[in-house]
Amino acid sequence: MSRIAKIYVDSEVRLDPLKGKKIAVLGYGSQGRAWALNLRDSGLDVTVGLEREGKSWQQAQADGFHPKKTEDAVKGADVVIFLVPDMVQRFIYREHVQPNLKPGMDLVFAHGFNIHYRLIEPPQNVDVYMVAPKGPGPIVRDFFVKGGGVPVLVAVHQNYSGRAMEKALAIAKALGGTRAGAIETTFKEETETDLVGEQTILVGGVMELMKAAFETLVELGYQPEVAYFEAINELKMIVDLIYEKGFTGMLNAVSDTAKYGGFTVGKRVINEETRKRIREAAERVRSGKFAEEWIEEYGRGSPTLKKGMEEAEKSLEEQVGRRLKEIIERGKPKS
Ligand code: NAD
Ligand code: MG
Ligand code: MG
Ligand code: MG
Ligand code: MG
């Protein structure tokens, strides 16, 4: 059923396809800063393009860049990398990129959203490809500085030059991604799996599961501090074990009581009904319904997003977390 992924490693990839090319990194946030710094450290010619002077502008200057207005960065570029928020990309494209497109230019994305859902429809005479790090921007930078790299997905949407994949891989290498590995995918696969993943596990699922366990323990009269350590803080240690050694490694590190309880009760909490909901979430992503809803929400000033942030900030979990921060920090390994 499932096909075997093509994975590229550092030794098979060359930076040459991007040597001497002018690269404009649009945006200097989570990914933008990591990309601009890693690509520059890899010897590539990077200009940061931003809409206006502000926090990102100052940060870019502090890091030794001379940011330009988006339009000016694009005018001088061979390769334009979109690292502004997904909901902003189509406006930046229409206002500043499209009018300055030259045949043979490269449009590069870190997530397939705008291309897959056709919010940006580039002309035939440019290359369109993606390098999607499978981790947050600050980690992409941190791993690179320490000699490692966060794995990336690479995909080609439009191959005008015939060399789009070589260039995607060159960027993956400059980012540090191929030090781990670059997995070949499609815009559709990256976009849909990324959205389903963040909704059902990484952001939505994990947070709700932690909240459900924490709040239930508190409702049952246990001290919030004790509930916090159990239901929230300790998850990092469990996930670190899974990250380092897989499920088996994690299971080997917990007690037999925990293993037995986990095997029997986990399936009652996360059950067929949960799987049905995950499939529903995937269907909303695949049909484009989720994208439509998010674009509409963004158009109304993102009220749901703002409310979610306010609620998270005010929640008992966050209050307790802030109170325990001192203890947690004090116990972190030194060095
Ligand atoms: P971000 O929100 O951290 O960065 C936004 C940048 O764009 C900042 O420089 C900000 O000043 C600028 N910006 C914000 N609003 C703007 C506006 N209205 N007009 C113009 N500029 C604006 O973005 P990010 O999270 O780094 O995401 C960038 C891309 O990377 C997205 O396509 C995202 O899906 C993808 N991506 C992000 C992550 C991640 O960990 N954050 C991981 C993989 C892929
Ligand atoms: Mg993701
Ligand atoms: Mg995402
Ligand atoms: Mg325990
Ligand atoms: Mg135990």
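Quick reminder: no glycine exception, Cβ is built from N, Cα and C everywhere.
Curation plays no part in TrEMBL annotations; they are all automatic predictions.
Features as listed in TrEMBL:
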- 5-185: domain 'KARI N-terminal Rossmann' (DOMAIN)
- Tyr28, Gly29, Ser30, Gln31, Ser56, Gly137: NADP(+) binding site (BINDING)
- His111: active site (ACT_SITE)
- 186-331: domain 'KARI C-terminal knotted' (DOMAIN)
- Asp194, Glu198: Mg(2+) 1 binding site (BINDING)
- Asp194, Glu230, Glu234: Mg(2+) 2 binding site (BINDING)
- Ser255: substrate binding site (BINDING)
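Projection of TrEMBL feature records onto the structure.
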| residue | record | Cβ neighbours (10 Å) |
| --- | --- | --- |
| Tyr28 | NADP(+) binding site | 28 |
| Gly29 | NADP(+) binding site | 14 |
| Ser30 | NADP(+) binding site | 18 |
| Gln31 | NADP(+) binding site | 25 |
| Ser56 | NADP(+) binding site | 19 |
| Asp194 | Mg(2+) 1 binding site | 18 |
| Glu198 | Mg(2+) 1 binding site | 12 |
| Glu230 | Mg(2+) 2 binding site | 14 |
| Glu234 | Mg(2+) 2 binding site | 11 |
| Ser255 | substrate binding site | 9 |
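Comparing C-alpha positions, Tyr28 (NADP(+) binding site) sits nearest to Glu198 among the binding-site residues Glu198, Glu230, Ser255.
Listed in sequence order, the binding-site residues among Tyr28, Gly29, Gln31 whose CB lies under 6 angstroms from an atom of ligand 2 come out as none at all.
Sparsest Cβ environment among the recorded positions His111, Gly137 (other Cβ atoms counted within 10 Å): Gly137. Using CA atoms as reference points, the binding-site residues Ser30, Gly137, Glu198 were checked against Ser255 (substrate binding site), and the closest is Glu198. Screening the binding-site residues Asp194, Glu198, Glu230, Glu234, Ser255 for a C-beta under 6 A from any atom of ligand 1 leaves none. Across the structure, Glu198 (Mg(2+) 1 binding site) and Gly137 (NADP(+) binding site) are spaced 15 Å apart at their Cα atoms. In this structure the residues listed as binding NADP(+) are Tyr28, Gly29, Ser30, Gln31, Ser56, Gly137; their two most distant Cα atoms lie 14 Å apart. Across the fold, the C-alpha of Glu230 (Mg(2+) 2 binding site) and the C-alpha of Ser56 (NADP(+) binding site) stand 37 Å from each other.
When averaged over the domain 'KARI N-terminal Rossmann' (5-185), pLDDT in the model lands at 97. Restricting the recorded positions Gly29, Ser56, His111, Gly137, Glu234 to those with a CA within 10 Å of the CA of Asp194 (Mg(2+) 1 binding site) leaves His111, listed by sequence position.
Within 8 Å of the centroid of the Cβ atoms of Tyr28, Gly29, Ser30, Gln31, Ser56, Gly137, where the record puts NADP(+), the same chain has further Cβ atoms from Gly27, Gly32, Arg33, Ala34, Leu83. Ligand 3 lies under 6 Å from the Cβ of Asp194, Glu198, out of the binding-site residues Asp194, Glu198, Glu230, Glu234. Under DSSP, Tyr28 (NADP(+) binding site) is assigned to coil, being neither helix nor strand in the three-state scheme.
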